[in-house]
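Below is one structure, written out as C-alpha cells, with a few remarks after it.
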Amino acid sequence: MPRFAFLALALVAALTISTSTGLRAQTEQSAQSQASSSAATAAELAASSHGSAYYSVRPGDTLSVTVLEDPNLNRTVLVRPDGRISMPIAGTVMAAGNSPEQVEAALRQRLARGFQITPTVTVSVAGLAPILGSELLAEEEEEPYAYYLVGAFNNVGRIETQEELTLLTAIALAGGPTAFAAKDRIMLRRKDEAGVETVHMFDYERFEEGLPLEGDIAILPGDVIFAPERGLFD
C-alpha cells in the first residue's frame, strides 16, 4: 500500500475515534444535566406537596411541636388570637404570619439556652383555624339570654337559654308553681331601657283547667317571673 494511502487511512481512523469520544462525552453530560434537573424538580414537588414552606400560620391554627432531645416538651399548641404560642423554656414566640420552618427556627433558638447542644425541633400544622364560613355560622348562632324565676315555683333562680320561650313554657321549665302558689296571680315584671317597669299578669289556673290562655307573652332577656303564695283564705 502506498505510504500516502496509509497515512490517509490513519487520519480517518483518528477523526472517527475523536468524534465518537466527543459524542459520548456530550451524551453523558446531557444525561447528568437531565438527572440534576429531575432531582431538582422532584425536590420542588416534594416541598410543594408538603406545603409547609408555602403556608403562613394563622391565629386559631394548632401546631404540633416535637423536641427530639426532650420528649417532655412535645406538645400541641394553639395559636392565640394575638398570633403567639407559648412553650416551656422558649417562652412566647410569634407564630402567625410565619411558616412552620420559621417557627421551628425561632423555637430552636429560644430552647437552645436550656440545652448543651442545639435541640432538634420539628413544627407541623396539626389543625387549621376554622374557615370563614364556619366563623360566620358561629356568629349567626343566637347567644344565650337570662330570665329569672322567683317565689312559689318548684325551681327558682337565674335561667339561661337560647330558645324563644313564652311565659307558659318558662314556667313549665321551672317545674310549674308549687302547691302553695297563687296560680291565678303570676306576674311577669319587665323593665325597658329607661328603667320603667311593666307588670304582666298571667292566670296559670286557666291553663290547668283547659281554658283559653291570656297573657302568654314572649320572654325577653332580664324578665322576672314571680309567683306569690296563696293567702290564708285563698
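Glycine is treated like the rest: Cβ placed from N, Cα and C.
Caution: TrEMBL annotation is automatic and unverified by curators.
Taken from TrEMBL as is:
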DOMAIN    54-125  domain 'Polysaccharide export protein N-terminal'
DOMAIN    148-194  domain 'Soluble ligand binding'
SIGNAL    1-25  signal peptide
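Regional average pLDDT for the domain 'Soluble ligand binding' (148-194) in the model is 90. For the domain 'Polysaccharide export protein N-terminal' (54-125), DSSP puts the residue distribution at 19 helix, 23 strand, 30 coil. Within the domain 'Soluble ligand binding' (148-194), the DSSP-based counts of helix, strand and coil residues read 10 helix, 19 strand, 18 coil.
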